[in-house]
Amino acid sequence: MEEDLIQPQPDSETLTSPTSEVGAVELVEHEDDERVEQDPGYVTPPKDGKESVPVSPLTEADYLGGEDDVLLKHVLRQSTIVQEAFKDYSGFPLTVEELSRTYEANLFSPRVPPKKQANGTCEPNPRLNFYPVFAVPEALATYHIFFKNQRIPLSCRANRTQGDRILHLKAGAHIPEIVSLEEVPKIFEGLGKDEKRAANALQKSETENQNVLVELDGDNARLAVLKRTIEVSHFAYPALNLPPKVMRSVMDHLLIKRVEPLDSDQPEQNSEDGQPVVSDDDLARWLDSHDPTTLQERRKMMMAVILVTVELECLQRFFANPQTLRKIEESLHYAFRHGYVRQACKISNVELSNLVSYMGILHENRLGQNVLHCTLQGEARRDYVRDCIYLFLILTWQTAMGVWQQCLEERNLRELEKLLVRNRRELWTAFSERTAACQLADLIFPERLMQTLQNGLPDFVSQSILQNFRSFILERSGILPAMSCALPSDFVPLCYRECPPPLWSHCYLLRLANYLAHHSDLMENSSGEGLLECHCRCNLCTPHRSLVCNTELLSETQVIGTFEIQGPERQEGASNLKLTPALWTSAYLRKFIPEDYHAHQIKFYEDQSRPPKAPLTACVITQSQILAQLQAIQQARQEFLLKKGHGVYLDPQTGEELNTPSPSAAASCRPQKHAAQREQASHCGSAVPKATETARAVGRGGGILGRQPGRGSFRRGGNGELGKSRRGAGGQTPQGRGGRNHRQRRGTVFQRTRSEPASDGESRTVPAAARLVESQP
C-alpha cells in the first residue's frame, strides 16, 4: 500500500485535548508529493535564474487551503481504510451487508494482531476513528447476540419482596450447588402466599392484564417505579447453551436424529429423520426390562440430561474451580476499584482500573467508570452489585462458548461423534440423571478444554462495559433503559424450585453472583478513615494485603522511596535495591497466599479465632530485621531533623516546613556534639552488610508500572564504612561553606535556607543517620 496510517502521541494526557482523539490520524504521503514550506526570511534563488512566481499567502477567507483543501484529508484517510479492507477481497461487494462484514472484519478481526506497548496494553488503532460511535459491531458479537426468548416466570426476583433478605448470606455460607430434575421434580411458578398485592395497584381489565410484574406491598422504591413504568410478559435471556456444533452432534447421536430437508432424488436417506437414535428394542435389552413406563422414564431422563443437566454440570465445573474463583474476584476488585486494587492505585498513583481486556488482549480505556456503585446505598447498591456480577458471569461464559465454537472443525466433530457412539450404552444405562450428566460432560467438556478456557478467562471489565451489556439485553427485550430502572436479574427466579428448568442456568449464575458479591465483600462498604480507607474483609485482601492486619506490610509502605541499598562497587554481579512505588506495587499485586484463601466458603479473617496459616510478611523486604533497621534509620533521621537540626527543613513529599525555629531559638543555637546520634549511626552502620546481602536475595524485580526515582540512599563514607565522615577517617579539619562537603549537602532533600548560617561545629557533628539519605546531588 502506498499510504500508511500513523497516530502521533497527544500533547496532553487529558481527554479534553483536541489532539488526543479527533484529528490524531495523519496520512504520510510520498516525498515527491510533499510541499516544503520555506522560511519567509530567506528565499532560495532559483537554479535557472528565473524568478519564481510568489505564492500568495492564505487569507482569512481561505485559510483552509485552495487547491489542496485540508478538508479532503478526512475523505482521503477514510478511503485509505476502505481500500485496505478490500485489498485481498476477490471482487467488490455488491450489497451493504457484505460491505459491512468485510469492513468490520478488517477493523476488529485483523490477520495481524495489534502490537503491544511497553505497559502491556495494545496501541491505539486510528482506523477505529471512522467506525460509528456507540455502535455494537456484529463482528464482535459472535455469541453475545443469541438470546432465549421466554415468558417471565411469575416467581421472578421482581415479584419477591423479601428477595434481598433471602439472598443475604452470613459467615460460613457455602458456594451454591446445581440440581437435577430428579431432585426437583415439581416447579412452582406462582406469586406465593406471602406476597400481597398493593392496595393502590392500578386496576386493569383481564384482556389488558398481560403484565407479569405485579405491584406488591413491600416493594422497594425501584421495583415500585418499575412496575408502574413498563408492562412485560417475555424477556430475552442471554444464551448460555453449549456450542451449537456440539449440541447438534449430541442430539444426532444420543437422542433423536435431526430432520433434514427432503431430497426427492434419494428418498431412502430421509427415512430415519426424526426417529429416536436408540430404539425400544435396544433400550429394553440394555435395561433388561420391557416395561413401557420404565422405557419412557429413561427417555425423559436422557432428554433432561442433554437439554438441562449437562449444561449446569459444565457451568459448575468451570466456575467452581478455586483458581477461576480467585481470578473472578480479582477482576471484580478491578471493576469496582475495591480493596487491594484501590490500595495499589493510591500508593502507585496509577489508575489500574482503566485496564480492560477481551480474549486475552489488554487495553487501556480511560473512559470507563468503576465507582458508580459508590453512589448507591442499601438494597439499591446490593441489587446493582449483584446484577453486575451476574452479567459478568454471563459475559465470561459466552466468551468461552464463542471461543469453543470457533475452534471446532469437521475433524473434531467426527471424533466427538465416535466417542458418543462408543459410550452410548453407558450413558443410557447410567445410575441417575446426575451420573449421566457427569459422564456426558467428561466427553464433550474434557479437562484439557476446560483448563485452556480457564487460563484465558475471565477478562478485565469496567462497570461501563457491564452497563452497555445491560442496555443491550434490555433493548433486545423491548425495554427502554432510559425510561425504566429494570435490571436483567429482576426477571430470574431466586431458587430452582420456583424456576422453570430452561432457566436453571440463569438461576445458578444469579445465586453464584450473590455468593461472589458476599465473598468479595462488595455488598457493604467496610472502608473507613486512615488505614481503613481501602480496607476489605475478603480473603484476597485480609490479612496478607491489609495494612490494618499486616504490620510488616505497613512498615514497608512507610519506607518506600526513602532508601537505596548499594552493593560493592567493584564486585561483579552486585545488585542494588531501591524500593520504588512501582516495584512495591508490582510485588503487592502478585502477593497471594493460597493457604488462607477459602474459595468455597465465606470465611472472613475477622470471624476466625485462629491465626492465619501463613505468616504475615511484607512484599519485597520479607525479613523483619532488615525492615526494622530501615525504619529505625528513617526515624532517627526525622528525630535529628526535628530536634537537633538548624534551619528550615521541608517534607520531601508535601513540601511543608517540618520545623520553623523562632528568632530566639536561632540566636541561642550553638555547636553541640550529639553522642546519641553517633551511637545510633554506628549501630546502623553495622547493619549494612546484612542489608546488602538481603538486597541481593530480594532482587530488584521488574515492575509493570515503570520505575520512579527514590528519595534517599545509603552511600559510603570516606573509608568505605557507614557512619564515618565523608571527609576522611578522622574527620579532622572541617571545610567551609565553599568546600566539597557543602556542595554535596546543598542538594539534599531537606535543604537549609540561605538566610541562616551554619557553624563549623555543626558541620563537624552531623550524625551519619542524616547523611545516609543524601542521594540526590
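A Cβ is built for glycine as well, from the same backbone N, Cα and C atoms used for every other residue.
Listed in Swiss-Prot for this protein:
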type     : residues : note
COMPBIAS : 9-20     : compositional bias 'Polar residues'
COMPBIAS : 656-665  : compositional bias 'Polar residues'
COMPBIAS : 728-738  : compositional bias 'Gly residues'
COMPBIAS : 753-763  : compositional bias 'Basic and acidic residues'
DOMAIN   : 317-435  : domain 'RRM'
MOD_RES  : Y334     : phosphotyrosine
MOD_RES  : Y649     : phosphotyrosine
REGION   : 1-55     : region 'Disordered'
REGION   : 250-314  : region 'Binding to host EIF4G'
REGION   : 261-283  : region 'Disordered'
REGION   : 652-777  : region 'Disordered'
DSSP-assigned states of the domain 'RRM' (317-435) in counts, ordered helix, strand, coil: 84 helix, 8 strand, 27 coil
Between Y334 (phosphotyrosine) and Y649 (phosphotyrosine): CA-CA distance (Å): 39
Y334 (phosphotyrosine): tally of other CB atoms within 10 A of its CB: 22
Model confidence over the region 'Binding to host EIF4G' (250-314), averaged pLDDT: 84
